[in-house]
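To keep things clear, I will list the structure first and then write my remarks on it.
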């Protein structure tokens, strides 16, 4: 029996589009289903000023295929040299919707990130004053901290002190991967939200390591124990408006994934909405999918919801998604959930 679900056109509140040929190849995969996306600024070199964000936005719009509608929501990469006045001007112009905090060395192209948080305090204070959200890659990078503990330690050592010392600062904990993070969000009464990725609702660390290394499941923050995956599912499907979709879809060519020091990231733009329908159906929460994917994010960012709609249809036969996206730089493998998916977007 065919089953369908029509929802407000969703948004992606954490997306990597890269630049150049890669941008042109992967942008349609997002624009096909999503109305808007928060665009990550970790290019080489990173997007650190309003002028650079404006130029990057122009390149994204120029790469958008004719007939597609999509609005890139730009961010700035926070560095120890970021100018509070430039941040305020970029926000006032309507260009920049958030500033991204990368602890130095935490993930792809994060070497320009923050090491001394006292040096960015004036920027954070200005952001609190003007209501501009801070998006955080929530991991410490200390060599003595186990990679599976980086998120929990970040909350204690970095995030909570920042929030305590900067009242009114609106924060998005991006791509949370632990029960600790979900519980922290719930424990706060205002000014805090969190994005959850599609792949962290599906995989745990066993998917990466059991039966041989699976490079296409390797991402940062790395997937955790099963108890954490289940906690993320509960948060995403709960209807709590503080949790919303941020895919962290991150295209890397197979050549860069399948090597002795492979890149971190899962490319989920192609099949995210179908996978989410599968997950929410498993949890008996299809009625909560629209909130998670289409309503909670705009509410946090104080933006209107999208005007359009998409329809998800469940078919009797499994849906065959592309295994790869061809790019001039080489193929990019589409995330494979390792189970049959019967949902598709029509």
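From the backbone N, Cα and C atoms, a Cβ is placed for every residue, glycine too.
Pulled from Swiss-Prot, these are the features on record:
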type: ACT_SITE; residues: 248; note: active site
type: BINDING; residues: 14, 16, 100, 248; note: Zn(2+) 1 binding site
type: BINDING; residues: 16, 17, 18, 42, 137, 220, 252, 264; note: substrate binding site
type: BINDING; residues: 100, 137, 175; note: Zn(2+) 2 binding site
type: MOD_RES; residues: 100; note: N6-carboxylysine
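If you take the C-beta of residue 175 (Zn(2+) 2 binding site) and look for same-chain residues 6 or more apart in sequence within under 8 angstroms, you find 14, 137, 138, 195, 196, 197, 200, 221, 246, 248. The two recorded residues, residue 220 (substrate binding site) and residue 16 (Zn(2+) 1 binding site), have Cα atoms 13 Å apart. Cβ atoms within 8 Å of the centroid of the Cβ atoms of 14, 16, 100, 248 (the Zn(2+) 1 site) belong to the same-chain residues 15, 38, 40, 42, 135, 174, 175, 246, 250, site residues excluded. Here the C-alpha separation of residue 42 (substrate binding site) and residue 100 (Zn(2+) 1 binding site) works out to 9 Å.
Counted over all residue pairs in 16, 17, 18, 42, 137, 220, 252, 264, the record's binders of substrate, the longest Cα to Cα distance measures 19 angstrom. When Cβ atoms from all protein chains are considered, those within 10 Å of residue 220 (substrate binding site) total 20, not counting its own. Looking at residue 18 (substrate binding site) and residue 100 (Zn(2+) 1 binding site), their Cα atoms lie 16 Å from each other.
The least crowded of the binding-site residues 14, 16, 18, 137, 252, judged by other CB atoms within 10 A of its own CB, is 18. Between the alpha carbons (Cα) of residue 16 (Zn(2+) 1 binding site) and residue 252 (substrate binding site) lies a span of roughly 10 Å. Scoring each of the binding-site residues (42, 100, 264) by how many neighbouring Cβ atoms lie within 10 Å, the top position goes to 100.
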